[in-house]
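**Student:** Annotation comment: TrEMBL describes 20-38, 75-98, 131-148, 178-199, 265-290, 342-361, 367-384, 405-428, 466-486, 492-516, 555-574, 604-624 (among others) as transmembrane segment. What TrEMBL records for 122-548 is domain 'TRAP C4-dicarboxylate transport system permease DctM subunit'.
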Amino acid sequence: MIGRLFDTGRRRQFDGVFRFWLFAASAVFAAGVVYANIFALPDALLIGILFVCGIYSLLFLAVGASRHSPAMPSAFDWILSAASVACGIYFFMIRGYLANHITLLNPLGADQLFFGALLLGLTLEATRRTTGPGLTIVVLIFLAYNLYGHVLPPPFGHGYIDFGSFIDTLMYTTDGVFGVPIQVAASYVFLFVMFGALLSKAGGADFMFQIAAALTGKSPGGPAKIAVVSSGMYGMISGSPTSDVATTGAVTIPIMKRLGYSARFAGAVEVAASTGGSAMPPVMGSAAFILAEYTGIDYRDVVIAALIPALLYYLAVYLQVHFRAVRQGLRGIDQADPILETLKSGWVFVLPLAVIVWALLVGYTPTYVAVYATVALVIASFFTKRTRMTPRDVMEGLGETTLRMLPVAGACAAAGLVIGGLTMTGLAMKASNIVMLVAGSGTLPLLLFGAAIAILLGMGMPTPSAYILGAVLVGPAFVAADIPVLPANMFLLYYAVLSALTPPIAVAAFAAAAIADEDALKIAVTSVKLAAFGFLVPFFFVWNEALLWQGPGLNIALAALGGVVAVVILALALESEMPNWLRLICFVASGAAMAPYLELSVPIIVGAGVLGIIWWRKGTLPLVRTPREIAVRSDS
């Protein structure tokens, strides 16, 4: 039993009648979620209850108890599924009581304690199956602290919490499992995942790959650039590094290896590009919706704020790929369709993406942005025979939506448990005080400490959960240090995202390792180098909010321009041949270019540019080099 705690489940691959039944049930569930979001508009607690219990009933059938579970659900899986349905029915029957219930003042009855505890156990098992031991153990530690923290000495202890109050807060209010994370998962996230699933069903992923190939395929290092561009485009919708690696990496990694890239670098390019998708608007790995809901900042403002750092991140990865390709004389692919030809055959996919941009600019809520984009996608798909979706395609897309949401639901429900526990015990404020005590009064030590916590949390749990816990534990310390709310939360989000490629866990690197046939740790180390700008930019947008599209237009333009200069210099320093003293100057100049102080940044950038031009003129700094020059240098 203890050994199972350290295991994780595996999504079963069904066929035949059971696959049809599961997809049909998942599609019906998805349709119900869409209806509830658009028309029914029930209270937050009720929609959370129906969403959690409904998705659990499918989760225990679709995801095995371990990696070695049989292909078909066991009797125990069916029991857990039935228990989830029973909890949903019970909570729905007492919805009137829930509406008038005053937490902690109206003691729970025996039946309420039983079903509350049962749903708590189901949540822990769902979390373990879908996200693994990391998040599950974190939740168990916090739950144990809630129940037994009163025996600890000050300042770590808290007042006594009886089991009834514990279940009441976590399972019968919106402060626990049915809190903000699961409410966001049941609305915005679900609808955008549905859009992504239907887009893939219509062939949108292939279109994005073809666009990337048409734009970059024939240039030096074309396959790697295709990986960067296509993963960025696909990541805007999917928001999952591992699924992005599996989708685009299955094509790009073998091509990169075939045209001269090492397996290590090929895998790292895909990992760095796919990980950035979780910070690329509009979906941002679903964490953008949680950030907006948690902070009260409009979702449109979050998306706009994330745009400049995300584009700079992808430019940094792209330029490193380019400079390495030039240095090693790596060619592009031989054939790629012209961009106009690609758009002519796949223009229908541009329409729903344009609808997303339009709806955001007009100011629609995320719910309607996703719904309008999905409707536009389905309608547009009928304009060409190749993309036309049949009713069966739509139903399969809805079913796939529910199955893609299984790990998200488990992670968000677990995060709600932790947040509820922190609220009950006051641990969040204590943790914030401890962070400020350890980090001291300086902003830089506080940011370094916050980055480390976000990365450590992200190593054991999905990005949304890591961000939520980081925001709860470290966010108050940031606010107390006078860091504005938006930069503070974007800072924590970025490091939660980058944990997907940070050794030693680096879940995205393990996904790439299986395709590249290379050691996952080696891929992770190289991907950290490619993502170097991503580790630096959060510090700069905390110090210069113009990078988050805040402030006067001139400041924003100068910040974006400085970011481009910094990215170019950093990519040159990381991938070009130069003496170490010049490389060090480039690193300093890259940082100076991002600084909000022109009197400091301009002289350093100009000086570094002059030195770089001198060295380039001497022929040792290869911004562009022909294959013939590569051969001459390799022979000498």
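Using the three backbone atoms N, Cα and C, a Cβ is placed for every residue, glycine included.
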**Student:** In the same chain, who gets a Cβ under 8 Å from the transmembrane segment (342-361) while lying at least 6 residues past its ends?
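**Tutor:** Residues 195, 199, 202-204, 207-208, 210-211, 213-214, 282, 299-300, 303, 368-369, 372-374, 376-377, 380-381, 383-384, 386-387 contact the transmembrane segment (342-361) from elsewhere in the chain.
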**Student:** Do you know the mean pLDDT across the domain 'TRAP C4-dicarboxylate transport system permease DctM subunit' (122-548)?
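**Tutor:** The predicted confidence over the domain 'TRAP C4-dicarboxylate transport system permease DctM subunit' (122-548), as a mean pLDDT, is 88.
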**Student:** In terms of Cβ proximity under 8 Å, which residues at least six beyond the ends of the transmembrane segment (367-384) contact it?
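**Tutor:** Residues 34, 37-38, 187-188, 191-192, 194-195, 198-199, 202, 204, 282, 345, 348-349, 351-353, 355-356, 359-360, 394.
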